[in-house]
Amino acid sequence: MSPYNNFNAERYLMPDLVRAVALIGIALVNVSVISYPLAGGYIHGGLHTTLDSMAFFLVMGLCTMKFYPLFSFMFGVGFAYQMKFADRAGVSFGWQYLRRIIGLAVFGFLNIALLFQGDVLMMYAMLGSLLFFFRNSSTQTLLKWGISFYILQIFIFLIFTTGLYLGQKFTPDDMNAELASISETVIRSHTVYASEHFTDSVILRLQEWSEIIQIGIFMDGLGAMAFFLFGFAAVKSDIIADPQALIWRRFRIVFLPIGIIGSFVGAYIQSLGDNLLSPLNMLGMTLIAIFALFSSAGYLGLIAKWTSGPITNFKVFMARGGTTTLTAYLLQGLFLSLIFNGYGLGYFAKFGAFECTLIALFVSLMTLSLASLWRKYFKLGPFERVLKKLTYLSAR
């Protein structure tokens, strides 16, 4: 039975629409490092035409570092809902949550090994453990800590930007040696992911993840943690239940233009860098990171506006797909992996950014549609069912 067959309140739509929209944006960003080497993505042969460059520029300005925050925001919202459920059921939230975190870590590990080394579930499991310690915090405390985490992330971006500038100026030989090392990594990625040897791709994915998590936990994880706290605060303050709250209007009218303009400035500066270690490349990414906070808030405001409008079949269809995001997220990785890896259709590094973006858009909409159709007849998505059984083991 569909969760929206007897829909009677706007408040249930917004969280699921946020999840659905986030999944589309995530696919548009992720495809660049599924279809091309992780170290640089499209810069290794995916920007041959004007359409390719335009697609890359638009994704950088509109999507990069903006839709994972929405996903993270909803993780915080889900955390608050789980706390409320445990309280109503009179069971220990701590043990339930621990089992859920373990379940996410297991799904994350399998996703990394089998499908996509840029998986977010493992990082969410790690950061979600920290979120538990904020369970009794006030809304103001959550917001203050969230802003602090985000500022810290920007500070780290600035440190990296400064480090690359100083390295280029004072130790160019070391920088060239590092670029040579990256080139070797890119060649290996081409060889492994374009081949038919699935086992080799598993080994390389695990190796690449073990390397990127050391940086990613700071450059992406701090921002994710910030949005965990923002999402938790949105439930505590009840604004998530009110798509007509004034704050959503402020987000879309004030924050969104600031975020989009700033992000496109960052995307332009990033495009001026002539290699992955260029200070301009990193400066552009830093600006994108700064303004992503405003863009993500603006997108939430737009989704709130969409939510508060008339209930349409399309809106319900999308929201229903948003109730099964774990399944849809894993299916995204599965289909994109099979399209681009050599053990599938073998299109690794063979399409430009424009074609890859269209493929990602199609796959994201298809997986959301499959998830929505599944939920029309079943209470839970297949992977959500497994996670729920593990989470509520002692409460059943």
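Residue numbering: from 1, along the chain as shown.
Cβ atoms are placed via backbone N, Cα and C, with glycine included.
Here TrEMBL flags 20-43, 55-81, 101-134, 146-166, 212-232, 253-270, 282-304, 325-345, 351-374 as transmembrane segment. Here TrEMBL flags 245-393 as domain 'DUF418'.
Outside the transmembrane segment (101-134) by six or more residues, the chain places 26, 30, 33-34, 38, 68, 71-72, 75-76, 79, 94, 141-142, 145, 202, 204-206, 208-209, 212-213, 216-217, 220-221, 224-225, 228-229, 232, 326, 329-330, 333-334, 336-337, 383, 386-387, 390-391 with a CB less than 8 A from a CB of the stretch. For the domain 'DUF418' (245-393), the model's pLDDT averages out at 95.
Residues 52, 56, 59, 62-64, 66-68, 70-71, 74, 116-118, 120, 182, 185-186, 189-190, 193, 208, 212, 276, 299, 303, 318-319, 321-322, 325, 328-329, 332-333, 336-337, 339-340, 347-349, 351-353, 356-357, 359-361, 363-365, 367-368 of the same chain lie 6+ residues outside the transmembrane segment (20-43) yet bring a C-beta within less than 8 angstroms of a C-beta in it.
Nonlocal intrachain contacts for the transmembrane segment (325-345), taken as residues 6+ away from its ends with a CB within less than 8 angstroms of a stretch CB, comprise 19-20, 22-23, 26-27, 30-31, 34-35, 71, 74, 107, 111, 114-116, 119, 121, 193-198, 201, 359-360, 363-364, 366-368, 370-371, 374, 381-384, 387.
Of the candidate ranges 55-81, 146-166, 351-374, 55-81 contributes the most Cβ pairs within a distance under 8 Å of the transmembrane segment (282-304). With helix defined as DSSP H, G or I and strand as E or B, the domain 'DUF418' (245-393) counts 121 helix, 0 strand, 28 coil.
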